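According to Swiss-Prot, the protein carries these features:
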type	residues	note
TRANSMEM	28-48	transmembrane segment
TRANSMEM	72-92	transmembrane segment
TRANSMEM	94-114	transmembrane segment
TRANSMEM	131-151	transmembrane segment
TRANSMEM	169-189	transmembrane segment
TRANSMEM	200-220	transmembrane segment
TRANSMEM	236-256	transmembrane segment
TRANSMEM	264-284	transmembrane segment
TRANSMEM	290-310	transmembrane segment
TRANSMEM	339-359	transmembrane segment
Amino acid sequence: MLFWLTENVLALYSSRFNIVCHLTFRAIISFLSALFISLGIGHCVITWFHNLCFFQIVRCDGPKSHTQKQSTPTMGGIVLILSIVISVMVCADLSNIYVWYVFFILITYGILGLTDDILKIKKKSSKGLSVLHKYFWQSLIALTLVIIIFMSDRSLTSTQLIVPFFKNFMPQLGIWYIFLAYFVVVGTSNAVNLSDGLDGLAIMPIMFVAAGLAVVAWISNDIHFASHLNIPYICFSGELIIICSAIIGAGLGFLWFNTYPAQIFMGDVGSLSLGGTLGIIAVLLHQECLLLIMGGMFVIETLSVILQVIYFRLFGQRIFKMAPIHHHFELKGCPEPRIIVRFWIISLMLVFVGLITLKIRQ
């Protein structure tokens, strides 16, 4: 909206307004607007959800310390989605198809997560949608979008797999790229969902990964930098910086209320939608493998669950006291704030490692 207004109206009166069209300026405005919207509506949503008794449902087999969280409102992801959508609508070039691809995942996965949260509240149970139903809708949404993206760009570079540390090894996946992209979107969505188990644990790594993807989008949008690092030049990728900036701003505002002890939780409406959003951004940038590194904290959490289930079914014993792994550390007596901050540090380090791989390639 701001981009269109400047290009078509304000620039006619003075060339000074052209600064508004600059990507860096719009990214800053996107960040600030999402931050202040999140801060502005956060307290209102907390009060409203308190009055409606939209409280977090705590697992009966979880750590005993979590019983005090039962009076904490959930579904705070609505704040995140609203903040991101409004700021992106204001700051982004809405003629860019990538913006609408991301919106599609953000909103549809948000609706899916909202449905799951509402069912949990109605049932007064930690189980909302069945795993089968949730996975079906996640898959249908992701496959629909991925096929549209695949059909709209049939160039050779569109199905290349960029492998970290290897400069000239870019295998062509062809139609198999659809399944890779699908796996990245659905997998990231579920991985973030699994990681959202402690106050502020998931939102900070989400911001870190969004910042890393913003750097990659900036490089991909510059033909000289992209050529220098031997990664695809993607002319539409600039607007993804606006979206990533909005995610960071909205996340920072949400963290104001979500930090320990949390006043509100993001719920599935937040974790599923933001996880899927990070996944689709990585797909649009052709950096699926890089996301595995930068989002390594989410990968670790997911692997801990997979290993726990497989090992228990094979041997009848558990590797961890409880999965995901952050609960294991809780049950071992580690204070919740310490676990959270240490996971943040690990996540930040992995984002830096991911960005370094863009340069260290043979």
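Positions of Cβ are set from backbone N, Cα and C atoms, glycine also.
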Best-packed against the transmembrane segment (236-256), counting Cβ pairs under 8 Å over 28-48, 72-92, 131-151, 290-310, 339-359, is stretch 28-48
Under 8 Å for C-beta pairs, could you tell me which stretch among 28-48, 264-284, 339-359 has the largest tally with the transmembrane segment (290-310)?
339-359
When you scan the chain for residues with a C-beta under 8 Å from the transmembrane segment (131-151), skipping those not six or more beyond its ends, what do you find?
101, 104-105, 108-109, 112, 116, 158-159, 175, 177-178, 181-182, 185-186, 189-190, 272, 276, 280, 283-284
Counting Cβ pairs closer than 8 Å to the transmembrane segment (264-284), the top stretch among 72-92, 169-189, 200-220, 339-359 is 72-92
In the same chain, which residue numbers or ranges, 6 or more beyond the ends of the transmembrane segment (72-92), come under 8 angstroms Cβ to Cβ?
1-3, 26-27, 29-31, 33-35, 37-38, 41-42, 45-46, 49-50, 54-57, 99, 103, 106-107, 110, 113-114, 117-118, 120-121, 239, 242-243, 246-247, 249-251, 253-254, 257-258, 262-271, 273-274
